[in-house]
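Features of the protein shown, as given by Swiss-Prot:
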ACT_SITE  His274  active site, proton acceptor
BINDING   His232  substrate binding site
BINDING   Glu272, Glu288  Mg(2+) binding site
Amino acid sequence: MNEINESYDTDSVREFTVSDADAGPYALAEGPDGALWFTLVHRGAVARRDPDDGRVTVHPVGDGPTVIAPGPDGALWFTEYRAHRIGRITPEGHYASFAPLTPEGGPFGITAGPDGAMWFTLSSADRVGRVTMDGEVTEHPAPGAFPSALTAGPDGALWCTLNQGNAIGRLTPDGHGTAYPLPTPGAAPVGIAAGPDGALWFTEIGAGRIGRITVTGDLTEYPLSDPAARPHAVTAGPNGALWFTEWGSGRVGRITVDGRVTSYPLSRTDCEPHGIAVHDGALWCALETGSLARIQVPA
């Protein structure tokens, strides 16, 4: 492990208040309109931050909007964890939602698949679903317990974290699933993203580690200096590294593809960073205490 702690100066990190502390900014994604879209998990809303003037527009949706991702149809798609539905909103604010086949399934992760559809996890039902752009839903058994985040892999499959199965899952578009157990007990993986090296990278919220898995199933784990950091979401950054949020320590981390880790503090240790995404050449993360943080990526 090679971890360096650094402090951002005021030009490197800025925080923007976008809601009251009770609304809960949770996940975020850049939309096809160039704006930053984010979920307000406790308010039942999806919001848009204008890229020019920073104005925030809030759109009411179903209960518990959680993860959000752009779709191939020019809309934003998101999971409604407490409403047990999949939501869709256009850049103009037109909203629709679709019911999975399994009731009370607790949809959480969502991503655009390699087949032109959106894929999502049903964490409470141990299933993975697929919804087409016109709302047709199909489902497959997940290859393990409590599927959480998921992403499209470079091999044409969907990869997901199996939070309570302590494994990483792979699912082909036709529903064939494989689970790869993690070597660390109680790792409880959550976030996952495709890396620039052709592997999948994921967070181990229960073990304070960042993991890497190749498309053939070879696993590597990188421990953080603080085992209680609770790494949550992860994304590929614009500089060839992976960036992740440390929910338990109020920090943002960066890991290179050869395993070098750097950790940066945000304004407060209790700011609760969750989702992280690339937008306007920088990293943005959602702070559940009511703000979005913009982190300028070092050269």
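Heads up, the Cβ atoms here are built off N, Cα and C, so glycines get one too.
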Fill in the blank from the handout: For His274 (active site, proton acceptor), the nonlocal same-chain Cβ neighbours (under 8 Å, six or more residues apart) come out as Pro25, Tyr26, Ala27, His232, Ala233, Thr245, Trp247, Cys285, Ala286, Leu287, Glu288
Problem - In the chain carrying Glu272 (Mg(2+) binding site), residues 6 or more apart in sequence that have Cβ under 8 angstroms from it - result: Trp247, Gly250, Leu287, Glu288, Thr289
